[in-house]
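As given in TrEMBL:
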TRANSMEM  B:12-36  transmembrane segment
TRANSMEM  B:56-79  transmembrane segment
TRANSMEM  B:91-108  transmembrane segment
TRANSMEM  B:114-134  transmembrane segment
TRANSMEM  B:146-164  transmembrane segment
TRANSMEM  B:197-215  transmembrane segment
TRANSMEM  B:242-261  transmembrane segment
TRANSMEM  B:281-308  transmembrane segment
TRANSMEM  B:320-345  transmembrane segment
Amino acid sequence: MNNKYRLTMQEMTKQYPGCIANNDVTLKIKHGEVHALLGENGAGKSTLMKMLYGVVKPDQGDMFFNGRIMNIKEPADARDLGIGMVFQHFSLFETLTVAQNIELALGDLAGHSSTLAGRITKTSTRYGMPLDPHRLVSTLSTGERQRVEIVRCLLLDIQLLILDEPTSVLTPQEVDALFKTLKSLKKEGCSVLFISHKLHEVIELCDSATILRGGKVSGHCIPKNETSESIARLMVGDNTPISNQTRRALGTADFLTVNNLTTAAQALFETPLKNINFAVQQGEIVGIAGVAGNGQEELLKVLSGEQIQASSSAIKFKNTVVDALCPLKRRRLGLACVPEDRLGRGAVPTMDLAQNALLTSFDSGLVKNGFLVKQKITELANKIITKYKVKTPSFRTHAASLSGGNLQKFIIGREVEQSPKLLVMSHPTWGVDIGAQVAIHEAILKLRDEGCAVLVISEDLDELYKICDRIGAICDGKLSPILNTDTVPLVQLGQWMAGDFSDVFNNQPKVHTPQGALA
Amino acid sequence: MIKLEPRVERSPAWSYLSPVLAILLTLITGYVVFALLGHDPLNALYTLLIAPVADWYGVTELLVMTIPILLCAYGLALCYRASVWNIGAEGQLLIGGVCASAVAVNFVGSTSAFAMPLTLFAGIAGGMLWAGLAAFMKLRLNTNEILVTIMLNYIAVNVLLWAVHGPLKDPHGYNFPESALFGDSTLLPILFDGTRLHLGLAFALLALCATWVFISKTFIGFQIQVLGLDASAAKMAGYKRALLIAGVLVISGGLAGLAGAGEVAGPIGQLVPQISPGYGYAAIIVAFLGRLHPVGITFAGLLMGLIYMGGELAQINMGLPNAITGIFQGLMLFYLLSCDVLITYRLRFSLPFKQQKAQPIHIAQES
C-alpha cells in the first residue's frame, strides 16, 4: 500500500437490516492534514467512524494505517495504533477531577498517578488549552470538558485524532481556540479527521474533504476552493432546496413577558435561572443562544409548565400570570412547545403518527365527550404529513421509525396547525438534514407572519442569525440583553454566551454575521 | 445457517401468530414429555386440556374459576399500560371480600333487595380503598408502588384472618374461623340450574367491554397509554399524571374488590380464610399473557384456568404428579415469550460462505 497516507479505508461496506449504511466508501487521510468528513444525518459518517474505531465490524473493505493493514476488533486496538477519538457526547464523571477522569479512562496507559497531573498540565499548555488537573469536572465549562477529552487522547502517542462534531457545543471564541490547537497538532504531523456539518468552519480549517451522501462517497474537494453552497450541494444532491428567503419582522405587542424570573435548582447539576427578564412580541421571532447546560432546559420547563412555580408571578401570557398554571392550562392560553428531545418528549416513539398527532392536538375537535374521533385524528395526521412533506409510508408508522428531520417536521407541523399564540422551540433543527431545515424554517417564519410570538432556544448560531428578529444569549442561568439581530455582531454574541454581558459595541462596531449561514 | 435479524417495523401478523405458535410448541413438547414418561401422550393431553371442558358442567366450572382472575387482570392491564406496577390485586381482592362480608353478615336473615348490591358495593369500595392507599403513598410520599402493593397484600391476608377469627366470626359457628353463611338475598344468583356459574360472569363480561372501550376509544385511555409509554411526553402535552395514576389504581382496585366480593357472595357463600388460591397473582401473568389487551386477557385467563383444572384431573385420573400443572404453565410462558422475538425480529435462512448481495432499501437515520 501507498505509504503516503496516514489512513486508508478502502471500499468499506456495512449493511444494516433495511439499509446500507456504507456502500463502497473509500477514505484517505494524508500525514499531517486536517481532513473533513461531511454529510447529512444518515449519510453514514457515524458508521464509518465506528468501523474505524472497532465498534462495529465492516461487512467488506480493508483498512490500512501508515500503509499497514489494520486488524481492529475493539476500540482498545485502535488506541494502541495511535487513533484517538473525541465523541460528541463526553464520557466524563462529573464528581471526579480532571486527572482522575483521565486516569480512569487510560488505565495502565496513564502511567503513574503522581506524574500524571504534571503531564496533563504540560501537554495541555503546549497545545494552547490549559487545564487544571485537580479541578472537578462538574465545575468545568463545556469547552473545558472537551479539552479534557482531547488531552486524554494527546497524552497517548497519537497519530490520528477524530473529532465528531466538536464545535457544536462551543462558543465562537472557544471554536477559535480549538482550531489553534488543531493547527499546532497538524504542524507536528498528526492527522485530524474533522466531522462536521458547519461548512464555514470546514472551509476555514480543513485541507481536504470527503463528502458522503446516502452511504456513498458523493465527492472530494479542497474546501478552500469551494463555497458553502457548492459543498452543501454535494451533501444534499441536486433536488433539495438549500436556502430560503428570510426577512426580518417587527413585533406588535408583547405576548410573553418574563419579569425577574428566578428558579431554584431542582436537581444536582441543574442550572438555576437568575433574574431573567425578556419579552416576546406577537409577530416576531426571538432567539436565545447559549452553550448547552446554561439554563436553556430549565427556561423551557418553566415556560412550558413542566416545572411549576407555585409562588411567583414572573411569567405572563398577554395579561395572565401563568407561573402556577399546569401545562394544559398554558396550552389553552395559546402556548405550543417543541422540546429538543423529539423522541420521548415531543413524540411517543412507539405510537403511530395518528396517535402522536392526537398527543397535543386534543383540543382541535379530535375528542368528543371524552371519546376519540378516529376519523378526525387520521385526517389531521394526513394533513400534517402532506402539508409539511413528512416522508413516511403512512400515518400508521411509529414515530421512532421516522428520521429525525421527518419527525421534527411532523412535530412542528402538529404544533403549528394548532395556531398557537406563542411557540417555544428548543433546538428546532438539531440533527436535521438541510432540506428539512429549510422546510422547518419556512413553517416558523410563516407562523410568525401570521402574528404568533416565537421563541427559539438554540445552540446553532447560523440558524439563530438566519431566522431571528431579535437575539440574546443565556449563560449560567443569566440572560443577556435581547437586541435586534442585525445589530448584534457574532463577537458580541460570543461574549454573551461566555457570560460577559458588558457592551462591546464601542470597540466592535462592525456588524458581522457568520459566513456559512446558509441564507 | 439461521440468523435473527431485526425487523424495520413490528410485524402485526406475528403479534397474533406468536401465541398460536407458542401453544403449538407447548402441545408438541407436552406430547414428547408424556411419551417419555411412558403415558399415552394423546390421552394425557386430552385429560389435561379437553376432558375438563368436555361437558357443560366442566365449562361452567372453568368460567367460575376464571371470573375472579379476569376481573383482576382487566384492572391490572390498565395499571400496567400506565406503567403503574400494581402487584396488589390479591390484597385488593381479599379486602374486597372482607368488606363485602362485613356488609353481608348483617343481611343473613333478611330478604332485602339491597342486600346483594350493597355487599358488592362494599367489596368494590374496599378494593378501591386498598389500592387508593397505594396511590396515595406513591403520589404523596413518592414510594415505589411495587413494594407498597406487595406489602399491602400481606397486610390484607392478616386483616382477613383477623376478621374471620374476630369480628366476622360466626357466633354460632363452633369457633371455626368462618363467618356465618350468607343469606339467599345476598348470594349472587346462579345463571344455570345445576351449575355454580353465577352473576359474576356478567360482571366479567361487562368489565371486558368497559375496559376495552376505555383503553381504545376514550381520550383518558389514550392518556393512560401515553403516560405508560413516555411519561415526559405526557407531561409536555399537559396530561395530569397524578390523576391518571390514582385513577388506574382505584379502578383496578375496584375490579379486584368486586372479584373478592363475587367469591364470598358467589361460590363460597361466606367469609373463610382461603377465599383466593392466588387469583390476584395469577392475574398478573394472565394480564401479560393477554398482552394487556382485554380480549387477549380473556383467552389467557381461560387457558390458565383450563390448565389448573386439567392438572387436577390428570392427578386423579392418570396419577400424574401435581407438578404437571406447573410444567405446562412454565412451557406455555416460555414459548410465548420466546415466540415474541418474531414480532420484532425475523428469521433469515442463508447458506454459509455465500455472500449476500446488498440491496439498497433506504438509509436509516444515524444516531
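Any Cβ shown, glycine's included, is placed from N, Cα and C.
Fair warning: this is a prediction, and the values are worked out from it, not measured in the lab.
Comparing B:56-79, B:146-164, B:197-215, B:281-308 for CB pairs under 8 angstroms to the transmembrane segment (B:12-36), the maximum falls on B:281-308. Taking every listed stretch (B:91-108, B:197-215, B:281-308) in turn, the largest tally of C-beta pairs under 8 A with the transmembrane segment (B:146-164) is reached by B:91-108.
Residues 15, 19, 48-49, 52-53, 62, 65-66, 69-70, 72-74, 76-77, 80-81, 87, 89-90, 207-209, 211-212, 215, 256, 325, 328-329, 332-333, 336 of the same chain lie 6 or more positions beyond the ends of the transmembrane segment (B:281-308) yet place their CB under 8 Å from a CB of it. Remote same-chain residues near the transmembrane segment (B:242-261) are listed as 67-69, 71-72, 74-76, 78-79, 81-82, 84, 86, 88-90, 92-100, 119-120, 122-132, 134-136, 138-139, 145, 200, 203, 207, 220, 223-224, 227, 234, 275-276, 279-280, 283 (criterion: CB distance under 8 Å, separation of at least six residues from the stretch ends).
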